[in-house]
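S.K.: This is the structure, below, for whatever I ask next.
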Ligand code: HEM
């Protein structure tokens, strides 16, 4: 195993771990506690008035976060292709479609004013779009394109992780929530898309080589 493969796998494992931790947070906070029990007072009030949409979103998007990393496992793809397909369908339908539409609905009532609301709404639209492109590509038998779109899509799913890292970081740096949140609503996903595109554009000889290889 080369040093770069070692560090790449380490990064992938760390991302998968963080994704699982945030998914676990969503399931526990919205499955075992009253809606919004773990967030600030203003958010809590909004969630109590909209329990269906917040619960739908937390569970569906949490599922996407939990399932996503497994889809990049070459071992799973090659040895258990049926499982890869079923996880993929669940990820796209339950995770992205339900999680994305509920995320879009939530963006209208999100904290942080119109800048934050636009940031979340844009994320939801791009999340749904990349998922749709990934699905369409595989239905048309274009595997390389499918992987590229799903990599972009999963980079966006990981916005949920960055968001929950940035909020305490901004607050600890003394930036008030009202100022931090509109910035974070964009910062949590735009750089992810840029990094995913950079990764895909790197001068690799084949797309398969350029994609993550978790648990190979
Ligand atoms: C990638 C597309 C996503 C969009 C567009 C989106 C959108 C939103 C919006 C607008 C809110 C309300 C924020 C507010 O009230 O100010 C929210 C809250 C929430 N989202 Fe998402 N979200 C996405 C992904 C995810 C993922 C992948 C998870 C996985 C766990 C997730 C879990 C949650 C949870 C648990 C909340 C409630 C707030 C909290 O307890 O932290 N979201 N989301």
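Numbers here mean position along the shown chain, with the first residue as 1.
Backbone N, Cα and C define each Cβ position, glycine as well.
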S.K.: Of the ranges 71-90, 91-110, which one does TrEMBL list as transmembrane segment?
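M.R.: In TrEMBL, residues 91-110 carry the label transmembrane segment.
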S.K.: Which residues of the chain, 6 or more past the ends of the transmembrane segment (156-177), have a CB below 8 A from one of its CBs?
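M.R.: That would be 15, 18-19, 22, 25-26, 40, 61, 64-65, 68, 95-96, 111, 123, 126-127, 130, 183-185, 187-189, 191-193.
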S.K.: Have the transmembrane segment (91-110) and the transmembrane segment (116-135) got at least three CB pairs under 8 Å, pairs 6 or more apart in sequence?
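M.R.: Taking Cβ pairs at least 6 residues apart, the transmembrane segment (116-135) and the transmembrane segment (91-110) are in contact, with 3 or more under 8 Å.
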S.K.: Do any residues, 6 or more residues outside the transmembrane segment (116-135), come within under 8 Å Cβ-to-Cβ of it, and if so which ones?
M.R.: 92, 96-97, 99-101, 103-104, 106-108, 110, 145-146, 149-150, 152-153, 156-157, 159, 181-182, 184-186, 188-189, 193
